[in-house]
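Taken from Swiss-Prot, the feature active site, N6-AMP-lysine intermediate applies to Lys267, supported by sequence analysis. According to Swiss-Prot, the ATP binding site annotation covers Glu265, Lys267, Arg272, Arg287, Glu317, Phe387, Glu497, Lys502, Arg513, Lys519, Lys521, on the basis of similarity to another entry. Annotation source Swiss-Prot lists Mg(2+) 1 binding site at Glu317, citing sequence analysis. According to Swiss-Prot, the feature Mg(2+) 2 binding site maps to Glu497, an assignment based on sequence analysis. Residues or ranges marked as compositional bias 'Basic residues' by Swiss-Prot: 970-979, 994-1005, 1051-1063. According to Swiss-Prot, the feature domain 'BRCT 1' maps to 686-768. According to Swiss-Prot, the region 'Disordered' annotation covers 945-1212, 1245-1310.
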Amino acid sequence: MAATVRFGLLVAMFQAMSRDRTAAKKRARLRALLDRAYGPGGRDDYFSALRLVLPGLDRERGSYGLKEAALASVLVDALGIAKDSPDAVRLTNWRRGGGFRNAGNFALVAAEVLQRRQGMTSGGLTIKEVNDALDRLAATENSVCLESEKLLLILDRSEKASILSSLIKKTNALEMKWLLMIILKDLKLGISEKSVFHEFHPDAEDLFNVTCDLRLVCEKLNDRSQRHKRQDIEVGKAVRPQLSMRVNNASSAWKKLHGKQVVAECKFDGDRIQIHKNGEEIHFFSRSFLDHSEYAPGMSKVIIENILVDRCILDGEMLVWDTVLNRFAEFGSNQEIAKAAKEGLETDRQLCCILEWIASYVLALCVNILSCQDFFFSNKRESYVAFDILYAGDTSVIHQSLTERHEILQKVVRPLKGHLEILVPTGGLNIHRPPDEPCWSILAHSLDDVEKFFKDTVDNRFFPTSPNTDELSNLSISLMIQFRFSDYSICYVLREEGIILKDLESKWEPGDRSGKWLKLKPDYIHAGADLDVIIIGGYYGSGRRGGEVAQFLVGLAVPSDDNSYPKRFLSFCRVGTGLSDEELDALVTKLKPHFRKNEYPKKPPRFYEVTNHSKERPDVWIESPDKQSVRFRKHLIYCITKCRSVIISITSDIRTIKSEVFAAPYSLRFPRIQRLRYDKPWHECLDVQAFVDIVHSSNGTTHRAADDDNDLKNVKNGGSFSMNLNDSVTHCIAAEKKATRQGRIIHYSWILDCCKEKRLLHLQPKFDPCLQPMHKFPEEIDSYADYFYWDIDISDLKQIFSNMDRAVVDSNMVHHYKKKYCADERFCFFQGCCVYFYHAPLVNADYNVISDLALKRVKQDLTMHGGQVCSILAPATHLIIVSVLQAYNFDMLYKSLPPAERRYLHDKRLQVVSNKWLEDSVEKQTRLPETTYSLKPDTLEEIEIERSEETVQPCNDKLEENEKADTSHVKHAPRKRGRPSSSASRTAKPAPRPVRRTRARRGNQHAKIDDVEPEESDHGETGLDDQIPDTDNISKMEVDSFDKDQVSARPVRRTRARRGKQHAKIDYGQSEESDPGETGQDDQRLDADYISKMEEDSSDRDQGAHPTAPRVVRRSRAQRGKWLAKIDRETGPGETGQDDKKLNADSISKMEEHAHDKDQEPPPGAQLITLDEQEPKGIKSSTTETPSSPKHERNQTVLRRDTAETTSSATCEKMEQMVDPLHAMLLDMIPSLGQMKTDVGNRVAEAKAETNPPWVGSSTSSYVAPVPQASASSASSSGVPAPHAGSSTQSTGVPAPDPTAGAPKKKKVSYKDVAGALLKDW
């Protein structure tokens, strides 16, 4: 089956899994692939796919010998490109950043290079062919391991290049990328091997743990539906070792094992090895399941002779025994000794070992430990320490307790000192140890036993010395210097890696880390002293840190002879952990200007002394630790030294190691960065001599001393410390602001100040960095955390100010006080203006400088006079277009803004002006009205508001009752144009929340909130039956329209500027859909009682016009009463006609009484003018044919007052008009329609005028409207003609064209009239 499954199918799964975010989706894709590609007949081929999914667990193939660096060079040869070509350099320097993408990810970098040389079509390579090619690639490495000639290495590299070249020809770039990741055994799929095993079969992980054989797992568990009986371990098959859990201190470890029998063992610093003995066949399996056959020459004979059973499995540690010092050697020499036993002393590394051995031999001769003949033959050898047994004879013992396994171990293994040892509390190493050394393993009965054993193991295991040890050490070191081997010195201390605590009743579990074994290491307890070292180089990271420096090469200073600043630095170690991402980014940003690329084999900077070892060689150097600059100032010359590098404080394991990689005599194990020392200059870093003194002081002979009674006590200032937040805790010092949820947070400076003052200080605001809501302490503290009865200083005041919530402060209040206490009004007339400056783009880029200067100047003008500049459009009150060289209109602005910001332009509060407004205001030292300079069209706001505002339900109880009476009309009323006609469409979406419109509060009256009725109640588009109106009802509704809430479509609120002591006027415009000429018959036949009730409540409610009323000006109840009273006085009782007698007498009397109580004169400065008769745009007036009735005259008089109130706004207010989008579109398409005046249109107008109220489409010679005195100049300046005598005004307040000006260029007509005119011949 694998012969037919394409590799591209597996690659597609890899790509999908790398994009998925959840592990469940990844597992599902793996399951789908296994079910799809491997059906019931192909289950035996699961191994061919899983070995590619889990390349790290495939032990049959072995090692490829190709990591990133070697793979890059082989790939360059396979592609046949020059080594100095850009692509070859890109592959070689895959970690480096710069302008490259995917830096730090070798597979992605290689895919970029391959993409330019490979096609996108797959070559149809199968999974079997891929496995065969990878087997050949691994076979070349395994065959070359038998030889060490350079020629064979070159041949091996060429053979690998040919294999990769053949794969490149049969794959595309995507498939080759995943092949390289399989070779590197790092797929980065984001799914664990445990998840893969569980998706393959529920018992797969358990079987792999005891066999470590992926093929066996795939063959035995090919049917997912059948469970497998748990298999035991077998000799010859590697077993996953049992692991230990890390603990930070002895007390926590003892709590986990409390109540159990515990054994404490020394944790050796060697290689974890399982020894499998099957007769004379010996295997040495590491924890990675690899068989280390190099240990066989030195250990096989010892194991065969001293293990008393034919078949067994031992678990232990492979170490090196130093026969000269009679101790275990330091970590790192295992492999060297194994190779020395196998190949002889031929390499340079073994030559270095010889020099070490010579120095040790001289020391041994002086202390008479060893004869000269024995030195070269028995100085160091391999030694195995077994601490557990898993198999003995023909039986697995992993299910027995640790106590029983220790007993079996003592029976099976015969210890041989320096070769084979066992680690048990009652024998083995404990018997062979010198009398003055601590035990290697003990039974712990209490926490004190554990702590004592840990201290003895880590701090007090030394080589026994004689009185002349110091002299011998000097002799040894001088001898090493004579051999030019000064990078090494002799370490007489044996510091073990830590201790292991084990439960004696526990069973041996493969791969388990559940807490039955606990490890305690010295670097978990207390690290070595912090070392202040200097950064001299950097290494690029991989993965998410790819392309950026992620690790640093640090150095030690070499002391100068003349006591001046150091001039040379030795490479010391490589460190990269310990910093957060933010700290690391800040450090790299600071050092990046001083990085210099390391172009090996060029020499490093002259300040640094390095070994040029491949593991030491950094990617970048710091040019120099210091930077001197000579400056001249008049007759004075002075030199300034600046620090280019940074000092960092590092810590590590307390054990130091000899190093061949770095130039310093010692290096550190597991170094990590503690903190950044920006406060230290470069010349104060640690020098070599001081570091050597630290090492020697820790390596000298120590004696167990009595406990120091001079340590600081916890009761120095009377307080106590608690690890847990219990009831006894009175104060808590937190590290994060999240602790504010638990209570008040106190700054640590409070403790320091209390200690300094020798008394308990009061908690002042400066000690509370996270001020809590003060409702908890209202009797002591105010809303800003200021105590009523405690004095505060400047620091307290600053803390209070810094914690104030600026959002709770009313901006209007701030502006009020700024304006009130401003010294000069000339510098605050822009107060309250938040301006967004739109920089118009320039066609010619050469004028950018001029434009930038202009923008900078207008911003300064704004801020100097109290305004604010905002960077986003949302909070802006003004949008100023800054255009220097070309005119920029609103259409250009609207098109250039993104859709998300265009909606802000429809806000009536946003003023869109040119920069001329700001310049003129600054020149006149006052804020000029924006209307003259406005660029926003008149109709933009109205149309968009009508489309975007939400509908609301009326909040008045009486109106709700009236709506119930008018339900039939609402049901049969047609919907607006463009809305779906089905009832389901209306109910599919829930009704939006009502839009509450709040008016300003006047005096002691409450602010008015009017709710607009939803669009379903719109009566402006009723059917054909509504053409027969009830004149009496209409007349009553006309009179009451100023006292009733409007129940039509949403009105558009227009707020005019406040004049003097009068309140700002708000006028509500009616949309075109509420044309009274289209109201239905049912809408006109209203009950007389209903009208009377509306009239009675006119003085108690603030309501809008009836749906059939035009757009009118909304005013307060007091103003309406005075205006109505004035109307009655002007018309008089003699002017009323017969039609007026049809009104309800009670209703009229109540209205007159209400009107006489609230009298109000017209606003000052308004003059009454008479408008000539003119038909409003294609609609013939009916007033010339039918005598106007008194009730019509009354309504016209009301409209005169409304018009006067509308037109008497601020001097520069622009007149607004409603423009229907369809109407405008038709006029643009057929301009001649604006000039047409057909009989059909007149007939339609006449027919509509018969049913319309008097204010719609009609005007008489007595139509009067007040006009502001100063409106002419302002209107002319804004581009809008001012109304004058003899002009006609529509009911919406839009000025009609002047009759003396001739025919208009574009005459506005109703789109229904246009449709009727277009369809008249049809």
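Every residue, even glycine, has its Cβ placed from backbone N, Cα and C.
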Integer Cα-Cα distance in angstrom, Glu497 (ATP binding site) to Lys267 (active site, N6-AMP-lysine intermediate): 6
Mapped DSSP class for Arg513 (ATP binding site), helix or strand or coil: coil
Per DSSP, three-state class assigned to Lys521 (ATP binding site): coil
Separation of alpha carbons, Lys267 (active site, N6-AMP-lysine intermediate) and Arg513 (ATP binding site) (Å): 16
Segment confidence, the domain 'BRCT 1' (686-768), expressed as mean pLDDT: 65
Of Lys267, Arg272, Arg513, Lys521 (the recorded positions), the residue whose Cβ has the fewest other Cβ atoms within 10 Å: Arg513
Residues Glu265, Lys267, Arg272, Arg287, Glu317, Phe387, Glu497, Lys502, Arg513, Lys519, Lys521 binding ATP per the record - widest CA separation, whole Å: 20
Intrachain C-beta neighbours of Glu317 (ATP binding site), sequence separation six or more, cut-off 8 angstroms: Phe268, Gly270, Asp271, Arg272, Ile273, Tyr384, Val385, Phe387
